[in-house]
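Report on one structure; see the data block that follows.
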Amino acid sequence: MSQFVLFFPLLALVVISLTGMAKVEAATGLNPPVKLVWHYYKVTNTCDDAETYIRHQVEKFYKNDSSIAPKLLRLLYSDCMVNGCDASVLLQGPNSERTAPQNRGLGGFVVIEKIKKVLESRCPGVVSCADILNLATRDAVHMAGAPSYPVFTGRRDGGALSADAVDLPSPSISVEESLAYFKSKGLDVLDMTALLGAHSMGKTHCSHIVNRLYNFKNTGKPDPTMNKTLVSELRNRCPPRTKKNQTDPLVYLNPDSGSSNRFSNSYYSRVMSHNAVLGVDQQLLYNDDSKEITQEFASGFEDFRKSFALAMSRMGSINVLAGKAGEIRRDCRVTNANYGA
């Protein structure tokens with residue numbers, strides 16, 4: 001039976017001492033005000049088995065394609081970190097959020113849409129797309145090896161955002177720029193370091209790393225922080241981008257996980273040995289706090305699992321709509337005003 005990671009008080013800012021040397025000031029709970037409820041649909045008696053229905057559908061998808069775990073992780077991150085966890089990224093349209101350059105290659109939509117259809121047939125107009133996305137992601141990454149953490153529910157769905165509203169940062173930014181971005185969303189260095197561990201599985205486009213391979217900071221040379229063997233391996237898969245409409249192959253974010261899409265702490269070991277694929281990941285070694293956390297996670301999988309569980313719950317509470325705010329979409333792809341249009 002799945003075991004839930006237990007959380008500490010809803011908000012406490014403390015100096016966390018991990019099992020090794022790391023001592024980092026970080027939150028141990030959700031930022032107030034906490035608008036969500038554990039097992040909201042059961043507590044309110046509106047759709048008692050909503051979470052069971054969601055888990056069953058995720059299991060069916062996962063058995064056929066384990067890549068839904070990293071796909072849903074990225075989809076949730078792309079939703080929550082832009083305007084809060086309101087499922088706005090699921091909306092379709094010619095200039096919708098999902099069409100932003102930063103969201104190229106987003107996947108997992110079909111999983112959410114299938115789950116929504118099932119829930120609408122059982123509990124019409126009750127379960128939000130935002131909650132479905134959070135719950136389905138939790139279940140998928142648990143199947144991949146992550147902890148099954150509590151997802152607080154009761155979110156409502158937001159309206160459409162345009163593509164130019166998407167402020168997701170480049171995967172080549174410095175650790176200080178990355179930390180500033182996470183802090184702007186109410187998250188801290190422990191959250192950032194744990195959430196970047198999602199890169200323990202999944203893929204990225206060569207266009208996100210060619211600068212590290214061939215012309216780092218316009219030097220005409222590869223990133224000096226990248227292991228030379230890794231540079232050679234990735235150059236074989238990612239040629240220089242010299243032609244218009246050139247193909248943009250995909251490479252694994254964590255070659256140790258590869259096609260198995262297993263959630264593990266090997267990502268942090270790769271960062272420590274300068275074998276990170278993305279620049280933002282390798283940058284974790286260039287901030288004292290994130291370096292200590294990375295060292296701790298590389299040597300202790302349970303520390304990483306617990307911190308990842310808390311960070312996911314904290315990210316899942318960013319700017320949520322609750323109560324009478326927003327709506328419960330009938331179809332995750334369109335707002336209710338456009339439903340059936």
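Positions of Cβ are set from backbone N, Cα and C atoms, glycine also.
Note: TrEMBL annotation is automatic and uncurated.
Remember, predicted model here, so these are calculated numbers, not experimental data.
So that you can see what the record holds, here are the features copied from TrEMBL:
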- 1-26: signal peptide (SIGNAL)
- 35-336: domain 'Plant heme peroxidase family profile' (DOMAIN)
- C47-C123: disulfide bond (DISULFID)
- R74: site 'Transition state stabilizer' (SITE)
- D79, V82, G84, D86, S88, E97: Ca(2+) 1 binding site (BINDING)
- C80-C85: disulfide bond (DISULFID)
- C129-C332: disulfide bond (DISULFID)
- P169: substrate binding site (BINDING)
- H199: heme b binding site (BINDING)
- C206-C238: disulfide bond (DISULFID)
- D256: Ca(2+) 2 binding site (BINDING)
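Everything TrEMBL records as a feature, shown here on the structure.
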| residue | record | contacts (Cβ under 8 Å, 6+ apart) |
| --- | --- | --- |
| R74 | site 'Transition state stabilizer' | L106, G107, G108, A198, G202 |
| D79 | Ca(2+) 1 binding site | C85, D86, A87, S88, V89, L90, A130, L133 |
| C80 | disulfide bond | K185, M315, G316, I318 |
| E97 | Ca(2+) 1 binding site | V82, S88, V89, L91, N103, A160, L161, S162, A163, A165, V166 |
| C123 | disulfide bond | Y41, T46, C47, A50 |
| C129 | disulfide bond | A87, L90, I112, K116, D157, R329, C332 |
| P169 | substrate binding site | E177, S178, Y181, V280 |
| C238 | disulfide bond | C206, I209, V210, L213, P249, V251 |
Cβ neighbours of C332 (disulfide bond) where a neighbour is any other Cβ within 10 Å: 23
Residues flanking the Ca(2+) 1 site, with Cβ no more than 8 Å from the Cβ centroid of D79, V82, G84, D86, S88, E97 and excluding those residues themselves: S78, C80, N83, C85, A87, V89, G158, L161
D256 (Ca(2+) 2 binding site) and the residue listed as 'heme b binding site', distance between Cα atoms, whole Å: 11
Inter-residue Cα distance where the pair is G84 (Ca(2+) 1 binding site) and the residue listed as 'Ca(2+) 2 binding site', in Å: 32
Local Cβ density at C85 (disulfide bond) - other Cβ atoms counted within 10 Å: 27
Intrachain C-beta neighbours of G84 (Ca(2+) 1 binding site), sequence separation six or more, cut-off 8 angstroms: G158, I318, N319, V320, L321
Which of D86, D256, all binding-site residues, has a Cβ with the fewest other Cβ atoms inside 10 Å: D256
Cβ packing number for the residue listed as 'heme b binding site', 10 Å threshold: 24
